[in-house]
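J.: Before I ask anything, here is the structure I am working with.
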Amino acid sequence: MPSGNGLGPKVRDNADGTICVEYEPKKEGRHEVLMSYDGSGVDGSPFACVVDKIENSFITAFGAGLVGGLSGDSVGFTVVAKRGTAKDIEVKIDGPAKVDLQRKDNDDGSANFNYMPMTPGAYNINIKYHGKPIKGSPFVAKVSGEGRKRSTLSLANSAEYSLKIIEPDIVDLVGTVQTPGGQIEPIILKKMDNGELGIAYFTPRQKGEYVVCVLRSEKNINNSPFRIKVGDKEIGHAAGCTVKGDISEALANKSNEVIIDTTNGGYGGLTVSIEGPHRSEVEVYKVEDRVYTVHYSPHEPGIYILNIRFADEDVPGSPFLVNVGGNPSGRVRETITKDVEPAAAISAGSPSEFVLQIPGTNPFDMEASMTDPEGISELCEVMDQEDFHYLIKMTPKTNGLHTVSIKHKGMHVSGSPFQFSVGQLSHGGPHKVQVGGPGLEKGEVGLQNVFNIYTREAGPGTLSVAVEGTAKATIQLEQRPNGFLGAQYKTSKPGMYGVHVKYNDVHIPGSPFMVNVAPDSGVARQISIHALKDKGLLIDKPVTFSVAFNGAQGHLHATVRTPSGGHMDCLCQEMDTGVYAVRFIPKENGVHYVDVKLNDAHIPDSPIPIMVGSTASDPAMVTASGDGLEHGKCGAKNKFIVRTAGAGSGLLAVFIDGPSKSALSCKELDEGYEFSYTPFCPGNYLITVKYGNIPIAGSPYQAVVTEALDNGVGRKPSPVVEQSSMAVETVEKKAGAGGVRRKLTGDASKVIAKGPGLKKAFTNRVQTFNVEIKDAGNAVLSIGMISPSGFPEAELSLKKVSQTTYTVNYKVQEIGEHILHIKWGDDEIPGSPFVLTT
């Protein structure tokens, strides 16, 4: 008892295998019941009980559910009040996720409560009696357990609206919509399947007329602005949607079907997510007249939550609690974790080295280069060590972010190019961890499947590598200098394996990587490839090579992965006994990967990278910069520049993942392309920039988007990650205008201008003054003079008269104020601008 005196409870045997313990509390506060059997404490003892006095009667609350539990397990508690007043007890639970509270009222004044928390976290249990909170309320129940795995699917075509016009090029179009309330919001434009221009995500929230403006170079296109009338039928409302199918019972590892009818729901985006103890496969099976058939397949039995949202609201009945039965998948997960120390900082001028393991390569075809912040590249020394380990040595000359490229036969190896900080290291976070290697593309039973992990730019943290599949895998991590780690895994059974790479308990971009581990390739090792040209290939021109079986038997199959992420089958034709010709016609510029398999096992050297188009389309030469890569404002345009000068032509793709869709537009510049994106709600957005389907060094970038003070679009963050993307087929841009510039350090305050021409101007008379730059360092000298009518002066000349002195002559013709600007670099010199009157 709170006073410390024992309350001698009565223990009564019920003669049915249960006992009844009775005690009558006399004081308010926390009581503890200590219970032991045969001298040892009963599981859960001491049991806590809170006693409060409300309106002359004692009320008590006790049970494990007030303290905590495990996610996915049912926990309970009991509240006892005066006989016959159980209906006056109110209980409400708030927490990280919605819980289904079961209640049973008893005649003796007690009420039993049960709830099943599905997400770990702290839950507040509010208990009221006669409208007053009891002592200790809200009780905080801490729920632990495996974090829920969420699989999501976002379908925006229920929110598409065609503007009924044909626009061949939509890259440089910008769209806005004015709502009936007068608010102006950006919109996402897309080319519809029939070639018409449309709005990709039109979700009206009020009735009235919406005015859509579509601009190119700040000017309305033909027929713009468009007017859209929205009535009750068009407003997106989840209540108009119906759901049927497997929404309460389902089977693991089988396809379960849900049919969602949004015909009466107006315009809105549809999202389906399923969360539970394991991952699920979710895919849209067919779409017919705004009726969606979605298939989901959970990996393991258990309790799952199925969320179906339309126009940012739950459809009737959602979230659905689905009891998944069936047989376990038999998938086994093995995890290994490692604390990663911060990488040692390297200063300019000091030699640096790192080690990579790249199986299946030839040391004579390996090359590595490093590009400094100024854009100057130099080759690094590559030393061959045992078991396909390569020691790469370099000496950076300046501080800042360098780009390191590692190539085999002139093409980037998996994971290259990457950033390398010289000097101050930044703490990037999980999105800055990079991985690459053959072990993430293909695997083989009984062999060590190898890949490299690069954590230098991510800062210190905890790295975990897990392999999940049909058999237990053995995983090894090898510590290497300068932020590199080697990883390898070996397994005994073939099948599809998931390689999960997490940093500080967050999946890195692309994780989990799905790897097909083939049976022992055996006879596939005998196969050889002949007459393959891997460079200098052109679009729409056939690529042909031959495959010799060399005595092997089996079925040959070849596919191509294109730079835009698509797949296409190759034509395989037998030319002679055991000799096949393989042929395909590329439709895009960039690196294509050809998978050649015999009986589902990769042959040696497969996947084979081949370059279509100019070999100069090098992602290592592409850089991105701008404030929009780090921070942005909600509902406003945030900009960044991708510089492609000197990187050839190829497919440039930008992906933005975050809590909302983003309106994306692009403008061509001399040195590359300027992208603008407008997110609709605050949060963290990941911006991925790929060139020829290879991420550029430094990608992905994380931008923190905050609410704009004046233009809060007022949208709620989506519970699923929304992706917006844009692809541009780039044209070759020469480094030069807007190319790599030398950094000049000039001091404008040290420049001296003097002479009679700075005191007064006379019409139609040549005036002279001198500019002295002796102590001002290096910069561009720019001199300009403007007449009273606003045009540049007709005559102005500059001539060098000594090593540091320049003479300027000018002649004015108009009467009035003439303004003379003299700049050294970007800054005006002392006295500039000079005002000269005639």
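Each Cβ is built from the backbone N, Cα and C atoms, and glycine gets one as well.
Straight from TrEMBL, here's the annotation block:
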type	residues	note
REPEAT	1-51	repeat 'Filamin'
REPEAT	51-143	repeat 'Filamin'
REPEAT	141-230	repeat 'Filamin'
REPEAT	233-324	repeat 'Filamin'
REPEAT	340-422	repeat 'Filamin'
REPEAT	425-517	repeat 'Filamin'
REPEAT	519-612	repeat 'Filamin'
REPEAT	614-705	repeat 'Filamin'
REPEAT	743-838	repeat 'Filamin'
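Give me the structural setting of these features: burial, nearby parts and distances.
T.: Over the repeat 'Filamin' (51-143) the predicted model carries a mean pLDDT of 84.
Using DSSP to sort the residues of the repeat 'Filamin' (233-324) gives these counts of helix, strand and coil: 3 helix, 53 strand, 36 coil.
When the repeat 'Filamin' (425-517) is classified with DSSP, helix, strand and coil residues number 9 helix, 49 strand, 35 coil.
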J.: Are the repeat 'Filamin' (614-705) and the repeat 'Filamin' (340-422) close enough to be called in contact, which here means at least 3 C-beta pairs under 8 A that are separated by 6 or more residues?
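T.: Yes, the repeat 'Filamin' (614-705) and the repeat 'Filamin' (340-422) are in contact.
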J.: Ranking 51-143, 519-612, 743-838 by the number of C-beta pairs under 8 Å to the repeat 'Filamin' (340-422), which range is first?
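T.: It is 519-612 that shares the most Cβ pairs under 8 Å with the repeat 'Filamin' (340-422).
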